[in-house]
């Protein structure tokens with residue numbers, strides 16, 4: 001009780017004017033050392049300094065590499081001027097989605113296991129898709145230094161049949177270089193984008209002939225950190241291969257699933273029964289329901305890509321024995 005009374009008597013009244021704050025005591029100054037001032041102030045070990053330094057370096061390199069790979073929208077998007085729009089309108093041919101006229105005719109002679117089954121006559125849309133139709137006709141005629149002769153159909157689906165095209169390496173690539181042709185899909189992809197934007201609805205209808213310009217099922221590239229010449233850089237690892245613009249498909253039925261990957265360059269004028277005969281060849285069954293395949297596909301295993309190529313392959317050998325232009 002005496003302590004409580006003493007405490008109450010010593011407490012100041014509530015209306016007492018505030019006193020000036022006492023000056024803060026001066027902190028003792030740490031002598032500056034040119035060798036390691038941070039170590040004396042924060043007392044960090046060498047291991048902690050090394051870890052923090054490496055992590056900050058990785059963050060800095062990663063941010064710089066990502067800025068180079070993915071520029072900002074302000075840099076990537078440029079407002080087109082009137083002159084650029086006029087040049088694009090002049091260089092881009094007019095596209096009529098409803099009325100397409102065949103300007104050239106090409107033929108494909110087909111054989112199954114060495115037995116001739118007939119001829120397919122294709123009409124090419126030279127005015128509507130000049131890049132795609134011109135590229136297909138140059139391969140069929142052999143003007144590009146390469147040809148579809150003795151090349152196989154590699155995939156038979158319920159709605160379409162797919163030809164394997166030509167290889168991007170080896171003899172086919174060397175022959176293409178001799179004539180100045182390049183196995184690429186830059187022009188074809190630009191034309192596909194133009195058709196895809198301006199022509200709504202299904203494009204790959206029954207009887208259409210299309211060139212594959214992209215693979216919609218291809219996973220995006222993986223980003224990995226690699227060391228080159230003592231520096232850390234972010235590299236992209238491609239999974240699978242891009243089409244080279246020589247694979248084509250013939251739609252037996254309406255195939256809207258091809259609209260996201262194929263550019264329509266023509267239609268079958270004669271020999272639709274031959275294309276349907278190819279579609280009746282027995283094929284390797286798919287095994288996409290296997291849990292092992294699903295996991296391998298999910299993690300981007302290359303073995304899953306190789307296995308997927310074998311699905312729906314014909315057991316018989318379906319060849320183009322001869323091809324060319326008829327006009």
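Residue 1 is the first one shown; counting continues down the chain.
Glycine too: its Cβ is placed from the backbone N, Cα and C atoms.
Feature region 'Disordered', per TrEMBL, maps to range 73-95 of the set 50-72, 73-95. Range 1-28 is the one annotated as region 'Disordered', of 1-28, 113-140 (source: TrEMBL).
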